[in-house]
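Chemist: Below are the structure tokens for one structure; questions will follow.
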């Protein structure tokens, strides 16, 4: 169990003392909570960041396609970096010294995570922004276009919530994964959730929806994150041996979403170089967070 000073000292490599002292206080506070409570609070934080981004619709009636593509690229970069630095690498490290090859749990979990999201993608009706209603993916439905658009972004948030929950479950296990690492992952996902909320609400506003309804749809797209985070941490706590598989599972689900949904969406608007720059920046931000805090 960390004291406040020890928690702060784990971050002493940072250049701004007030920053790591503040994070140390957060670590100390979270250590007093049950892992389920930690994961729930983390999920609420990531949802709140989405809601904050969606609230941008009250300040502006439109954002250029260039900015949207840059934000989507940033989101993709954060998710790719988080998948490796915060999920796959720890999964491989935890598997070393076991009866199976160290790469096996990571590969199995990674592929299962992708297959899981593929199954949801095939079943859940959803529609990508900028697409005609006839291009709805998933099962046939008579749901309204706006609902289908929001469900497309909800798909992004399921693996993000799972990743946060699994990270806090890993930290609770006390085996080669720390609470600062879980906080770093949560922070990175929260940062990239801000543009996700904006990417939902602003196009809806542009299509004629009221500011309040646009905001409501935007924040609702991430309401699944606290739920998924609790599911993730509960699974790890109940069946601790699956931890490396669970970390890799969350990584596979996130990479599937990035490759299937986010990168194509960021590239087809004619701003591919800008979106790619956003991806590089997002990856760098998440890498710094994980190395500095993890």
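Every residue gets a Cβ built from N, Cα and C, even glycine.
As listed in TrEMBL for this protein:
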- 39-60: transmembrane segment (TRANSMEM)
- 67-88: transmembrane segment (TRANSMEM)
- 100-117: transmembrane segment (TRANSMEM)
- 148-168: transmembrane segment (TRANSMEM)
- 174-194: transmembrane segment (TRANSMEM)
- 215-239: transmembrane segment (TRANSMEM)
- 245-263: transmembrane segment (TRANSMEM)
- 275-293: transmembrane segment (TRANSMEM)
Chemist: Any residues 6+ beyond the ends of the transmembrane segment (275-293) with a Cβ under 8 Å from its own?
Modeler: 11, 13-14, 23, 69-82, 85-86, 180-181, 183-185, 187-188, 191-192, 263, 266-267, 269
Chemist: Mind checking which residues reach the transmembrane segment (39-60)? Cβ under 8 Å, same chain, six or more beyond either end.
Modeler: 30, 33, 157, 160-161, 164-165, 168-169, 182-183, 186, 189-191, 193-202, 204-205, 211, 214-215, 217-219, 221-223, 225-230, 232-233
Chemist: By Cβ distance under 8 Å, which residues at least 6 away from the ends of the transmembrane segment (215-239) in the same chain are close to it?
Modeler: 35-36, 38-40, 42-44, 46-47, 50-51, 53-55, 57-58, 146, 149-151, 153-154, 157-170, 172-173, 193, 196-198, 200-201, 204, 209, 246, 250
Chemist: So what's near the transmembrane segment (245-263) in sequence-distant terms, Cβ-Cβ under 8 Å and 6+ beyond its ends?
Modeler: 72-73, 75-76, 79-80, 82-84, 87-88, 90-91, 94, 105-118, 121, 128, 152, 155-156, 158-160, 162-163, 166-167, 169-170, 232, 235-236, 275, 279
Chemist: Could you pull out which residues elsewhere in the chain have a CB under 8 Å from any CB of the transmembrane segment (148-168), counting only those six or more residues past its ends?
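Modeler: For the transmembrane segment (148-168), the far contacts come to 35, 38-39, 42-43, 46, 50, 75, 79, 82, 86-87, 113, 117, 120-121, 124-129, 133, 136, 141, 177, 179, 181-182, 185-186, 189, 193, 196, 199-200, 203-204, 217-218, 220-222, 224-236, 243, 246-247, 249-251, 253-254, 256-257, 261-262.
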Chemist: Using a Cβ-Cβ cut-off of under 8 Å, list the residues of the same chain that are 6+ residues beyond the ends of the transmembrane segment (100-117) and lie near it.
Modeler: 88, 91-94, 155, 158-159, 244-257, 260
